[in-house]
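Per Swiss-Prot, the features are as follows:
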MOD_RES   SER2  N-acetylserine
MOD_RES   LYS91  N6-acetyllysine
MOD_RES   LYS128  N6-acetyllysine
BINDING   167-170, 193-196, 226-227, 246-247, 269-271, 349-353, 400-402  NAD(+) binding site
SITE      ASN170  site 'Transition state stabilizer'
MOD_RES   LYS252  N6-acetyllysine
ACT_SITE  GLU269  active site, proton acceptor
ACT_SITE  CYS303  active site, nucleophile
REGION    336-501  region 'Mediates interaction with PRMT3'
MOD_RES   THR337  phosphothreonine
MOD_RES   LYS353  N6-acetyllysine
MOD_RES   LYS367  N6-acetyllysine
MOD_RES   LYS410  N6-acetyllysine
MOD_RES   SER413  phosphoserine
MOD_RES   LYS419  N6-acetyllysine
MOD_RES   LYS435  N6-acetyllysine
MOD_RES   LYS495  N6-acetyllysine
Amino acid sequence: MSSSGTPDLPVLLTDLKIQYTKIFINNEWHDSVSGKKFPVFNPATEEELCQVEEGDKEDVDKAVKAARQAFQIGSPWRTMDASERGRLLYKLADLIERDRLLLATMESMNGGKLYSNAYLNDLAGCIKTLRYCAGWADKIQGRTIPIDGNFFTYTRHEPIGVCGQIIPWNFPLVMLIWKIGPALSCGNTVVVKPAEQTPLTALHVASLIKEAGFPPGVVNIVPGYGPTAGAAISSHMDIDKVAFTGSTEVGKLIKEAAGKSNLKRVTLELGGKSPCIVLADADLDNAVEFAHHGVFYHQGQCCIAASRIFVEESIYDEFVRRSVERAKKYILGNPLTPGVTQGPQIDKEQYDKILDLIESGKKEGAKLECGGGPWGNKGYFVQPTVFSNVTDEMRIAKEEIFGPVQQIMKFKSLDDVIKRANNTFYGLSAGVFTKDIDKAITISSALQAGTVWVNCYGVVSAQCPFGGFKMSGNGRELGEYGFHEYTEVKTVTVKISQKNS
């Protein structure tokens, strides 16, 4: 343990064996109904890691049936004490902590994530989040309401039922825990579809769910593709709620499918084009570093990426100079290799999209300060790229890039920069850097974003609600607000002979 309380980084596993590649339903492993499998790759080497059973509509139907059975009135799960649900979640957190090294290695190998980030950040976050959710299990409660007349009225916060949960590829394990933690704490059952690029850690966690003692059918995990397995979840008539993290484009399809089927509840955590506003009085070293990590963390593959940096005119040139200097320090390579500080993009589709947007920036007149192209002969690597002299109408200033590409814009007045920052379809997050508390509060109140960070960026914790305004999504995850998304409120009114205050 280091002096800061952060665990030391252990040597990663070099002989990782992938044990779980099947569909997990009713605490058992199943082959796909169709007999199909799909390949899973290492994005740093482009090598195939394994073949995973490919779930589709028939497999989702099986999983939903199991989840519905587990949710029946009188089932072991429905009659379990809330505190016991919490104990199972605490147990799952302990098992993930036990397998932390294996899961971090797997996340790095399958997702291109730096091993140090996977172990120190992602796994730590998963364990803390599960324990936070476990603590809430017996604290979700209704209230009594003094209505007029001789009646006794109270509310119950009941689990919604069977919840479909569709997980993204950029934070496979973190997002799995963000989804199942609150859902299970509230007493729901779940059908999970991990991203087809990164299903391996979810399937390992499935084995831990069984080991922890969750009843059969409470958690079901169906790997597969979005247009088949994901679509089956979104449109399923016996799923009561769907939660999705991913692109705005797919989020629209999911909400449409939910509406056309059974009007299932929907929470969406979608894309962003988050502004980061740096005022002239800001601590420049701090602002440069947070803004840098805000866009380059995990190769830029973050929904909250600070991908529009607005810098006040008087400090613009110096901010650009320091940002370029910082971006040039990366060591690219296999994220499992010690010393490497930037890994690959997830797949060729994302890699090609990023390079296309970089080319658009060059053509539209932005100044390329560094990077600007691919790196290496193997794997989906993109050079860390910084553009200055970016204007608001350029594609790189409007479209979500999801890559290691920083756009730095200039502003003169607060009114101007607030309007420009809000001039987007997105509204996930934002950053403000200033030593003036009045300006910090004024700007943060004016920004249309679900989270605003002041003199920092990307600080996410289980205790805080997370979600977007506008086309960055609906609903909130985590914090007390996140649990409301997994309950229905029922009002019960009882006629009594005499009411007494």
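Quick reminder: no glycine exception, Cβ is built from N, Cα and C everywhere.
Known features from Swiss-Prot, placed on the structure.
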{"residue": "ILE167", "record": "NAD(+) binding site", "DSSP class": "coil"}
{"residue": "ALA195", "record": "NAD(+) binding site", "DSSP class": "coil"}
{"residue": "PRO227", "record": "NAD(+) binding site", "DSSP class": "helix"}
{"residue": "LYS252", "record": "N6-acetyllysine", "DSSP class": "helix"}
{"residue": "THR337", "record": "phosphothreonine", "DSSP class": "coil"}
{"residue": "GLU349", "record": "NAD(+) binding site", "DSSP class": "helix"}
{"residue": "LYS410", "record": "N6-acetyllysine", "DSSP class": "strand"}
{"residue": "LYS419", "record": "N6-acetyllysine", "DSSP class": "helix"}
{"residue": "LYS495", "record": "N6-acetyllysine", "DSSP class": "strand"}
Return the residue, from the listed modified residues LYS91, LYS128, LYS419, LYS495, with the maximum count of other C-beta atoms within 10 angstroms of its C-beta.
LYS91
With neighbours defined as other CB atoms within 10 A, the best-packed of the modified residues LYS353, LYS410, LYS435 is LYS410
I'd like to confirm something. Which of the binding-site residues, ASN170, ALA195, PRO227, ASP352, has a Cα closest to the Cα of the residue listed as 'active site, nucleophile'?
ASN170
Across all protein chains in the structure, which of the recorded positions ASN170, THR337, SER413 has the highest Cβ count within 10 Å?
ASN170
Closest of the recorded positions to LYS410 (N6-acetyllysine), Cα to Cα, picking from ASN170, ALA195, PRO227, LYS367, LYS435?
LYS367
Should one count Cβ atoms within 10 Å of each candidate's Cβ, the binding-site residues GLU269, GLU349, ASP352 would be headed by GLU269
Note the mean pLDDT of the region 'Mediates interaction with PRMT3' (336-501), expressed as a whole number.
98
Sequence gap of 6 or more, C-beta under 8 Å: which same-chain residues meet both conditions with respect to ILE401 (NAD(+) binding site)?
GLY300, ALA305, SER307, LYS353, ILE354, LEU357
ASN170 (NAD(+) binding site) and THR337 (phosphothreonine), Cα-Cα, nearest whole angstrom:
20
In which DSSP state, out of helix, strand and coil, do we find GLU269 (NAD(+) binding site)?
strand
Three-state secondary structure, ILE401 (NAD(+) binding site) (per DSSP)
coil
Would you say which of the recorded positions ILE167, PRO227, LYS252, CYS303 has the most Cβ atoms within 10 Å of its own Cβ?
ILE167
The rounded CA-CA distance in Å from ASP352 (NAD(+) binding site) to LYS435 (N6-acetyllysine) is 40
One of the modified residues LYS128, LYS252, LYS367, SER413, LYS495 has its Cα closest to the Cα of ALA195 (NAD(+) binding site), namely LYS252
Determine the minimum-neighbour residue: among ALA195, LYS367, listed as recorded positions, which Cβ has the fewest other Cβ atoms within 10 angstroms?
LYS367
